[in-house]
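Listed features, source Swiss-Prot:
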| type | residues | note |
| --- | --- | --- |
| BINDING | CYS562, CYS571 | [4Fe-4S] cluster binding site |
| BINDING | HIS664 | chlorophyll a' binding site |
| BINDING | MET672, TYR680 | chlorophyll a binding site |
| BINDING | TRP681 | phylloquinone binding site |
| TRANSMEM | 59-82 | transmembrane segment |
| TRANSMEM | 145-168 | transmembrane segment |
| TRANSMEM | 184-208 | transmembrane segment |
| TRANSMEM | 280-298 | transmembrane segment |
| TRANSMEM | 335-358 | transmembrane segment |
| TRANSMEM | 374-400 | transmembrane segment |
| TRANSMEM | 422-444 | transmembrane segment |
| TRANSMEM | 520-538 | transmembrane segment |
| TRANSMEM | 578-599 | transmembrane segment |
| TRANSMEM | 653-675 | transmembrane segment |
| TRANSMEM | 713-717 | transmembrane segment |
Amino acid sequence: IVVEMDPIKTSFEKWAKPGHFSXTLXKGPNTTTWIWNLHADAHDFGSHTNDLEEISRKVFRAHFGQLAIILIWLSGMYFHGARFSNYEAWLSDPTHIKPSAQVVWPIVGQEILNGDVGGGSRGIQITSGLFQIWRASGITSELQLYCTAIGALIFAALMLFAGWFHYHKAAPKLAWFQDVESMLNHHLAGLLGLGSLSWAGHQVHVSLPINQLLDAGVDPKEIPLPHEFISNRDLLAQLYPSFAEGLTPLFTLNWSEYSEFLTFRGGLNPVTGGLWLTDTAHHHLAIAILFLIAGHMYRTNWGIGHSLKEILETHKGPFTGEGHKGLYEILTTSWHAQLALNLAMLGSLTIVVAHHMYSMPPYPYLAIDYGTQLSLFTHHMWIGGFLIVGAAAHAAIFMVRDYDPTTQYNNLLDRVLRHRDAIVSHLNWACIFLGFHSFGLYIHNDTMSALGRPQDMFSDTAIQLQPIFAQWVQNTHALAPGSTAPDATASTSLTWGGGDLVAVGGKVALLPIPLGTADFLVHHIHAFTIHVTVLILLKGVLFARSSRLIPDKANLGFRFPCDGPGRGGTCQVSAWDHVFLGLFWMYNAISVVIFHFSWKMQSDVWGSISDQGMVTHITGGNFAQSSITINGWLRDFLWAQASQVIQSYGSSLSAYGLLFLGAHXVWAFSLMFLFSGRGYWQELIESIVWAHNKLEVAPVIQPRALSIVQGRAVGVA
């Protein structure tokens, strides 16, 4: 049996002793530093004990608490939809009425935030996309939202109970946490497989019929309730005749019978401007089948299937030494290493989601709600950025706390660490190259523009730098439905090309996005900022245990201010310091992405369409010619758009104005820390000097980082 019964008795005594988890903090405060350390270490389970089983149980228990908080938060969202929103009004006229789910009380004049959202209601216009997802899932009344909110609270209570139960009553043993094959099978088949299958089932039996009727203009109050569709097959058969045949076509392999509600059309629904919900139901069913198969691939009690340890240990090539040997032990004993990998993958996936939300808008009427589109893109980019920086943070914690050099000899990890100087100096060169060349193209354009020589600028109308590879990818995908997917009526996304335009309620939902010289230029800025972020984060991980500047870093821990008073040049050199220096560049990278997205969409996609079919874009298609100079970015995007936000203070949009101001305050605050990163720069310089020595081109005069005082002088200037 893999659980231990009644390991820890339930008591509230410890709650009365702040800092009970630490010998030093439990004594109580001497200075104000105590409260900071209390917050820093309360959830750092690795510092409370060295017992991996106990740490694992605490993390496992915390996950249930986290789920409870998420469910309570979601319940609040649904409750607002049920109690304070105009959802039913929006549902009846989604092209004219704006979504609102919060009405501000008249306290100290805050009621200015309540704008006219149409349909006779006033409130804050929301940009979370919840109304659109509710419609897609078949919610037709505020009562249904209310019931869902109550359901979420019940689930939250269950999660809190589970957290208590699996720590105090039946706690899993370490072996259970380390049984990776069983975990993979259950997560793949259970969470992803059955999860997707149940969502596909909900879509087919509830969402599709309700949305079909809504699209046809049926009054939401006339539509049968969800449980009626589930219990009464005749209702579904009226909309999809093949429902009358039940499961016979499934078992007789006559699957094409189901093609009424499991489609492969591509493109967007012209009524709602969202993906065809019959396509998404088909997609989730297919995903479910794939993951149910994947959940049977790993070897557990029966002697068949994959063993991860075997896979990793036999995975070696001619140039990689011991290959992946030793990684299995790392990933089953260091949860930081495990978390780092998961954060890196989930962060990348979140950014992929950001780009799919606008190019393949999944919910009805999402594509014509431009504020929501912008918010969802921004949200997913930020979340992805945070997760990726978090990956580097936990990789560095793994290096400091969990890495044992004696067990890792000549495997991939060891080999990467041994040639870290080459990695960092090459990456540094790539950053310098990208920075000078990408900005150089802009500076050239600014100069030529100032000298009145437009024919010498890099632009679509002068010296062209067309993104030919991106255009080739677009073209291939635009042509795909005719060849690789003969039954599809349109390509996966209208953005690829092919001339299709979908407009809903006189607004453009989506159209082919042209790429030109302006995009080529800004994409190289993206490449530059991403590489700088990677340089900082990777340097933090590779030099987390030691460097030429501080050979004994591993003994100082993950975060330390300076290596003692006698070594002033060693400040801001810990692995933790690299995290916030990396965050700064992540913010820079993400800002350029969001600027690019919002201007490009307003210039080339979003806008209104006349009865004659003439499209008028919000900023009139000025991206291609304006964004090719720094001056154009400053004047036609930053100033042109910020001035509206800055002047919003007397209107219902003032909250956005304040958030805009606050976000810039946060960014400016982060600048302050950059200018004193003395040790960080010295450490980087020593890697680069190593590269020069190796090529025998090292200068006689030693390069040295600015002192903290010099750095601050530069910062002030």
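Including glycine, each Cβ sits where the backbone N, Cα and C put it.
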In sequence order, what residues of the same chain, 6+ apart, have a Cβ less than 8 Å from the Cβ of MET672 (chlorophyll a binding site)?
GLY715
The sparsest Cβ environment within 10 Å, among the binding-site residues CYS562, CYS571, HIS664, TYR680, is found at HIS664
With the residue listed as 'phylloquinone binding site' as the reference Cα, tell me which of the binding-site residues CYS562, CYS571, HIS664 is the closest one.
CYS571
For the transmembrane segment (184-208): best-contacting stretch of 145-168, 280-298, 374-400, 713-717, by Cβ pairs under 8 Å:
280-298
Taking only the CA atoms, the spacing between CYS571 ([4Fe-4S] cluster binding site) and HIS664 (chlorophyll a' binding site), expressed in whole angstrom, is 26
Any idea what the Cα distance is from HIS664 (chlorophyll a' binding site) over to CYS562 ([4Fe-4S] cluster binding site), rounded to a whole Å?
29
DSSP, reduced to three states, assigns TYR680 (chlorophyll a binding site) to helix
